[in-house]
Amino acid sequence: MKVSLPAFENARVLVIGDVMLDRYWVGPTGRISPEAPVPVVKINQIEDRPGGAANVALNIATLGGHVQLAGIVGQDETAQALTQGVKVFGVEPQWLTVADKPTITKLRVLSRNQQLIRLDFEEQFDKATSQALFAQSEAILDNVDVLVLSDYAKGAIDEPKDFIAKARAKGVKVLVDPKGHDFARYHGASLITPNMSEFEAVVGTVTSEDDLIEKAQKLIKLHDFEAILVTRSEKGMTLVSQNQPELHIPTVAREVHDVTGAGDTVISALATSIAAGASLAQACAIANTAAGVVVGKLGTSTVSRIELIQALALNHGESGFGVMTEDQLAYAMDQARLRGERIVMTNGCFDILHAGHVSYLQQAKALGDRLIVAVNDDSSVTRLKGPGRPVNPVDRRMAVLAGLASVDWVVPFTEDTPQRIITRLLPDSLVKGGDYKVEDIAGGAEVIAAGGKVEVLGFEDGVSTTAIIQNIMSQK
């Protein structure tokens, strides 16, 4: 399936925050130092990569967005390396240079794809310097759609409430990657994106899904946020918004090599998507996929538009087409709804697939974007149709259905009616063939109560599985 992304080239974003240089010393190690019980690494590669807020800006640029970057640097060699690193990606930095502090640098020593140690070179920036950075950046707000505050608690983002208010007054969405024990600093932000540890540092231990949602809603009301996106590692993401149902997005990471910069990737993908016109739910799905790509890389990295398209397509393949379990189908439906797709569901035995079935399923598919066919398993068919049925076992019936162009997902159920599975999945439209009354259709009341529709379609006259079986038997 072709996955549609927003027009990232239309995105205009300002990133302000703690910029830093991620420096990597890499080499083999094969012995222990005689001076101390530590490995000796023979450095044969040195690499510099923009990190922190600079990595956010690079991710936006790599996706194709237009980005301006503001941050604080020292008068040193690492500032020059950082400047060169962002310019390679087409980002022109707006630095506030200070003479008495170094450019923040994170030096990592790696061997055999493993990080052995990290050394930090940094000093805290004071409030006056932070306010000078905001003042220097204020004019840029007139030319952007989204402001990102990338806070690593190094001092660049100190008391940003007034700047957030100025941005919101200009119609600019404000996204914050927060730090610290008090989110009141970000009062009025459109969206904050704490990880689970950062979230619990503010609200206390989260004991359940309901507890997480309740605590997030309290923060939203207290600090006038529009939404909170909690990133939860292997549990994916949870989006809690004002006056909207919560949204859980499962993780899509396949192999985790390094989580360095994953938070940067999330907020950059969110910012680029929102600035390009995506809904918040769509932006979260894109950001989740981007994070899944970047943690599969070593060190601070970016995600390109092509990588994102490929990953979204692969995710769709995994969430899949064809025969599924109920759990797999529930996830596939969540992904489809994030893409704004309408889901239609029907059910039946489909013992011997015939032209009437094909026509009916084509009509059902035309009512939406995705079609689910729930199929009675063998024991259920026998109870409903009697001895000698089904003619074809359930795995073969489902395989044939899955091969039809009109059918996206096929799922078995064991009961005599699909009441339970329909109630669990709650499609946007429930379809039944024949002369049923809507009020008599299993699961129909639940679908309607959830805001969905129930429709009855006619079968093709003179074509039925029973008639086909009788015709075959009469010719013996």
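Residue 1 is the first one shown; counting continues down the chain.
Cβ coordinates are placed from backbone N, Cα and C, and glycine is handled just like the others.
Taken from Swiss-Prot, the feature region 'Ribokinase' applies to 1-319. This prediction places the mean pLDDT of the region 'Ribokinase' (1-319) at 89.
Positions annotated as ATP binding site by Swiss-Prot: ASN195, MET196, SER197, GLU198. SER197 (ATP binding site) falls within a helical segment according to DSSP.
Taken from Swiss-Prot, the feature active site applies to ASP264. The number of other Cβ atoms within 10 Å of the Cβ belonging to ASP264 (active site), over all protein chains shown, comes to 31.
Here Swiss-Prot flags 345-476 as region 'Cytidylyltransferase'.
In the structure as shown, the Cβ atom of GLU198 (ATP binding site) sits within 10 Å of 20 other Cβ atoms. Of all the binding-site residues listed here (ASN195, SER197), the one with the fewest other CB atoms within 10 A of its own CB is SER197. In sequence order, PRO194, PHE199, GLU200, ALA201, VAL230, THR231, ARG232 are the same-chain residues whose CB sits within 8 A of the CB centroid of ASN195, MET196, SER197, GLU198, the residues recorded for ATP being left out.
DSSP assigns ASP264 (active site) to a helix.
Between the CA atoms of MET196 (ATP binding site) and ASP264 (active site) there is a gap of 15 Å, rounded to the nearest whole number.
On a Cα basis, ASP264 (active site) lies 11 Å away from ASN195 (ATP binding site). Here the region 'Cytidylyltransferase' (345-476) is broken down by DSSP into helix, strand and coil counts: 54 helix, 26 strand, 52 coil.
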